[in-house]
There are 6 protein chains.
Amino acid sequence: MVMIGASILSANYGHMAEEVRRAEEAKVDFFHVDIMDGHFVPNLSMGLKVPEYLQDITHGTKIDVHLMVENPDIFIPKIAEASDMVSFHAEATKFLFRTVDLIADNGAKPIVALNPSTSISNIEYVLENLYGVLIMTVEPGFSGQSFINPMLKKIDKLKNLILTEGYDTKIFVDGGINTTTAPKVVEAGADALIAASAIYGKDDVVKAVQDLRASANFKI
Amino acid sequence: MVMIGASILSANYGHMAEEVRRAEEAKVDFFHVDIMDGHFVPNLSMGLKVPEYLQDITHGTKIDVHLMVENPDIFIPKIAEASDMVSFHAEATKFLFRTVDLIADNGAKPIVALNPSTSISNIEYVLENLYGVLIMTVEPGFSGQSFINPMLKKIDKLKNLILTEGYDTKIFVDGGINTTTAPKVVEAGADALIAASAIYGKDDVVKAVQDLRASANFKI
Amino acid sequence: MVMIGASILSANYGHMAEEVRRAEEAKVDFFHVDIMDGHFVPNLSMGLKVPEYLQDITHGTKIDVHLMVENPDIFIPKIAEASDMVSFHAEATKFLFRTVDLIADNGAKPIVALNPSTSISNIEYVLENLYGVLIMTVEPGFSGQSFINPMLKKIDKLKNLILTEGYDTKIFVDGGINTTTAPKVVEAGADALIAASAIYGKDDVVKAVQDLRASANFKI
Amino acid sequence: MVMIGASILSANYGHMAEEVRRAEEAKVDFFHVDIMDGHFVPNLSMGLKVPEYLQDITHGTKIDVHLMVENPDIFIPKIAEASDMVSFHAEATKFLFRTVDLIADNGAKPIVALNPSTSISNIEYVLENLYGVLIMTVEPGFSGQSFINPMLKKIDKLKNLILTEGYDTKIFVDGGINTTTAPKVVEAGADALIAASAIYGKDDVVKAVQDLRASANFKI
Amino acid sequence: MVMIGASILSANYGHMAEEVRRAEEAKVDFFHVDIMDGHFVPNLSMGLKVPEYLQDITHGTKIDVHLMVENPDIFIPKIAEASDMVSFHAEATKFLFRTVDLIADNGAKPIVALNPSTSISNIEYVLENLYGVLIMTVEPGFSGQSFINPMLKKIDKLKNLILTEGYDTKIFVDGGINTTTAPKVVEAGADALIAASAIYGKDDVVKAVQDLRASANFKI
Amino acid sequence: MVMIGASILSANYGHMAEEVRRAEEAKVDFFHVDIMDGHFVPNLSMGLKVPEYLQDITHGTKIDVHLMVENPDIFIPKIAEASDMVSFHAEATKFLFRTVDLIADNGAKPIVALNPSTSISNIEYVLENLYGVLIMTVEPGFSGQSFINPMLKKIDKLKNLILTEGYDTKIFVDGGINTTTAPKVVEAGADALIAASAIYGKDDVVKAVQDLRASANFKI
């Protein structure tokens, strides 16, 4: 069963507790928090305290933080304590084993994110130590972009590598996910889908999540 | 009459519309938004969309954005459109006249912020083009720090320079402001005080603002 | 038929219009402009206005700009408008799809350049969106260096990948190209050759281009 | 007698030898070459070989290079050998004495350039070792900007410091220089004026230089 | 026969000549010097003069310098003159061929070091020009860490590539080497082992080296 | 009485315990340790463990560490614990109050170092919180350079400021100190002199220190 994560990047900032309640009613599997530093990506989204705030207003739904920042090690201890899963970018550090250990040592599950053009050869050796790989299917930094098609080949290639090696690493996919792209990425091998505007951009959040889940579990 | 700004850095994130309402009831003169990039300062606070969100949930109270970021010019066009005042750090750019013009051209009033140790000789020539100077009285990056006493000398020196030259640039002060430090900085020459925990850290926000205002207007 | 590009890096700066005329008489397929920023490579060659100037003094010959710069996105809008093809380095950005789109959106054909040691796994997914790949056969930054022999294997490997996938991406080769190396790189799979000193370093530019073209089209 | 320098930033690239001839006919005192790296300033203008090329096509007129680059020490040995005067920015290095010595050791006269907002306290100790100070009267990076008025105070203050200390350091001024601003900066203390569009932007270069010279030597 | 290198990172600083004597008595094949810059790795270990000092106090034992620094080219000329082998990191430069040539031109044997997660595709083309590859089996920067197991796969894969291509490049291994891990890395293909605490952390240095050598040459 | 510090930058690395003994016999007031990172200055000298090692081999002589590094805050906790005084550069941080507090909180006395061209206006406000100011009288990075004469004016100006304000901050001087320059800097206001080659570059270290001390205490 494919997991669905709601990215609060598209949620209403003035009434966050209510936005969280709507997504929990829709039974999303996790909340996804995009933290950007204006350096790794050319945008600044939200701050380090968001996971902590979310803990206060959620009711057991898991929290997944995506660090789109340079020097992620500086921020991980604080972030990992308040989150269930933490992803950082392979392009943001030369020491992937160290950062993976830092996340795990602070109590969260480690995920490595890859930009669209980045080869999976960059995670070849660390793969078995990961809870997940986050395949970006748009360039990170902004919501509302279109799905990049060659990413289906990449998801497929990664899935094969994971199965061949016998790892239990999960594949997360983020970017341009909607009811059209969801079945394709699941077919290619995705285990979890993250959506922003396809959930919070809709009037009826519960129905939006149901539609997405239905499309994701549809066999092509 | 000294202006009072409420820094939302200490506000409750889950219920921001309500937090804004309380401060407006207390008749704060402006909301202060601290945007940090994890590079200029070792913290990441909130994102570029916050001024826009605030516009939706405020009722005419002015919005003042403090950019604690490197390369502020990248973010200013978006920020200045949704704000009344924008400050950037003298330590973050080599081209102060260009950044000041960029803020003004995008419709906001330009303010230059100075770290505690930074000499006012750095703004000697651009001073007459500024709406204000923001004197940091703690090292920027975190709320809840203690007021740095030698800053009183700096405020005094800047006030004298402004008066001597006949400019109408205003002095804003941020960091460790409470009912004890407020009268001292006003005595030294401050025109506007920014407070975070001294407002949102109190149970009764209305009373907190009244107390701060009273202390600020008390003649020593 | 292999294309020949004349790199103006070795042309006479005082009389550029005349230098352009000589190469057009020799019927080069395109002019190649190397823009360096002293950061991506340890040299500063020529400025952003060169493509525009070239448009004024050429007579229909295509213009190909090679950006050996960090942060190419800053310069691409201006450059792409005055050029036919623009290449940037895979080593200079983490967001290859974004930069490729930026070039295309500004009206030029996108090419990705690779330093000699860079693996083609870095362009595996973006390859189908490219007009060309520029294989550097010397370390970028200076003219007059010797061809790096292991690059023949790389050209061959890339050609096989392009043919296998059925893409129509072209292979450009730059560095140490002369009548000795030209037939080898064409044999390995090159579609376009760029030469600086092998053209403008010769007394008779027309003959130099003819010789290069003859060697390139010679079947080994 | 005030010196006039012609900045080739506004000259016609295709016919540089001819552009040089016109300015020499107008008896400019020196050619001014702006080298930008796209990092210190957000523009890339021309390359390191330009001073050398200019030596070939000038007839004894002095060459003055303005390095608007980070890490100027990397480029100075090559540049200083082909120039008479070399300026670097106080904002681009922490080691002004070292860079000044490097220029002198390579045979050129050292000048320190200051951005408009930069205080002259930054050159207080190195001043006596300098041939000149280059006061930027627009933000560096682009031609055609308007003169920044508070710079007159800065030129005046620097002139007083030089006279008081008995140094023979010269004041160069660059940015927005034309027949209107020239007399003001000379009145304030300038010894040399640099003009780009006010010379090469005019149809009659000889008359443009004569007009500028006349305005500069006019007593207010 | 596997080579053993003694890393002086764990030696007694106050009595270095004596420490060197003990290791030479134990007949180590080379001394290994880790130079860190606090930027490539988050530690600062020892300076550029160490190889030179070692030359004075050694008696013919080879010196191998491991540059864990950004911009290695700046330091290589000085270092290579006083060393037999010099390694730099593939992650620290975009121009591997240039740095390899720089080491060789200054009289030392070039080695490229790879962080644990770095793919060997990054050295695919330069491999034949190398004296060795240094596989880091812990994240670089600190001694006393545990061997990262997936590195055995990497050593094995690299060995196969070297054998298939018929190169004579040697495999060096550094990180967590002791009598338990030594036989495994040798089995996987290592030609040289570097040890710090497993040699200088023991009371009897001679015995420590003998034990290590015995374990390394033991056939599994 | 002027204090004399022996910089171990010129000591014999192979026999450090003996070098320390000689200087202690000469009754130097403190040992001075120059730590460079190859980024703040273009040299790498010695590592973070040196103060700790010195503690083992000294007999009560104070240890003074001079951090010529970027981002000094990363290294200060470790360094300050093993030292008596720690200096960092005003040019290396934007947050002088924070770094000064960090040194004091970790048990050492805080000193701010200034490059030769740096104005004392940069330490105007933090001055009263400092144990000392370290005036560099050569550009930092290498031993054996000549004293920069305009530094006498700077020492004099700083001394006057300290006396006028009634602070007890001490003035340390480092660079080109010998029996000729020592009396001049003491006359200008220095409280402590640091020497490298003038101590360890002499055959008789005890006599070298005595000569230096005598010259320093000689009234001009």
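Even glycines carry a Cβ here, placed using N, Cα and C.
Annotation source TrEMBL lists active site, proton acceptor at F:Asp34. Per TrEMBL, active site, proton donor is recorded for F:Asp174. Per TrEMBL, substrate binding site is recorded for F:Ser7, F:His66, F:Gly141, F:Phe142, F:Ser143, F:Gly144, F:Asp174, F:Gly175, F:Gly176, F:Ala196, F:Ser197. Taken from TrEMBL, the feature divalent metal cation binding site applies to F:His32, F:Asp34, F:His66, F:Asp174.
Annotation note: F:Ser197 (substrate binding site) sits in a helical segment as assigned by DSSP.
Nearest Cα neighbour of F:His32 (divalent metal cation binding site) among the listed recorded positions (F:Gly141, F:Ser143, F:Asp174, F:Gly176, F:Ser197): F:Asp174. Packing around F:Ser143 (substrate binding site) is summarised by its Cβ count: 19 other Cβ atoms lie within 10 angstroms of its Cβ, all protein chains included.
In the three-state DSSP classification, F:Gly141 (substrate binding site) falls within coil. Fewest other C-beta atoms within 10 angstroms, among the binding-site residues F:Gly141, F:Gly176, are seen around F:Gly141. Proximity to F:Asp34 (active site, proton acceptor), judged by a C-alpha distance within 10 Å, picks out F:Ser7 from the binding-site residues F:Ser7, F:Gly176, F:Ser197. On the backbone, the CA of F:Gly141 (substrate binding site) and the CA of F:His66 (divalent metal cation binding site) stand 11 Å apart. Least packed by the Cβ count within 10 Å, out of the binding-site residues F:Ser7, F:Ser197, is F:Ser197. Compute the center of the Cβ atoms of F:His32, F:Asp34, F:His66, F:Asp174, which mark the site for divalent metal cation; besides them, the chain residues with Cβ within 8 Å of that center are F:Gly5, F:Ser7, F:Leu9, F:Val33, F:Asp64, F:Val65, F:Met68, F:Ser87, F:Leu134, F:Ile194, F:Ala196.
When the record's substrate-binding residues F:Ser7, F:His66, F:Gly141, F:Phe142, F:Ser143, F:Gly144, F:Asp174, F:Gly175, F:Gly176, F:Ala196, F:Ser197 are compared pairwise by CA position, the greatest distance found is 17 Å.
Summarising the environment of F:Asp34 (active site, proton acceptor), the number of other Cβ atoms within 10 Å of its Cβ, over all protein chains shown, is 25. Taken residue by residue with DSSP, F:Gly176 (substrate binding site) is part of neither helix nor strand, so it is coil. Cα to Cα, F:His66 (divalent metal cation binding site) and F:Ser7 (substrate binding site) are separated by 10 Å. Annotation for the residue listed as 'active site, proton donor': spatial neighbours F:Ser7, F:His32, F:His66, F:Ala113, F:Leu134, F:Ile135, F:Met136, F:Thr137, F:Val138, F:Ile194, criterion Cβ-Cβ under 8 Å with sequence separation of six or more. DSSP assigns F:Asp34 (active site, proton acceptor) to a strand in the three-state reduction. All protein chains considered, the CB of F:His66 (divalent metal cation binding site) has 27 other CB atoms within 10 Å. Around F:His32 (divalent metal cation binding site), a 10 Å sphere centred on its CB holds 28 further CB atoms from the protein chains shown.
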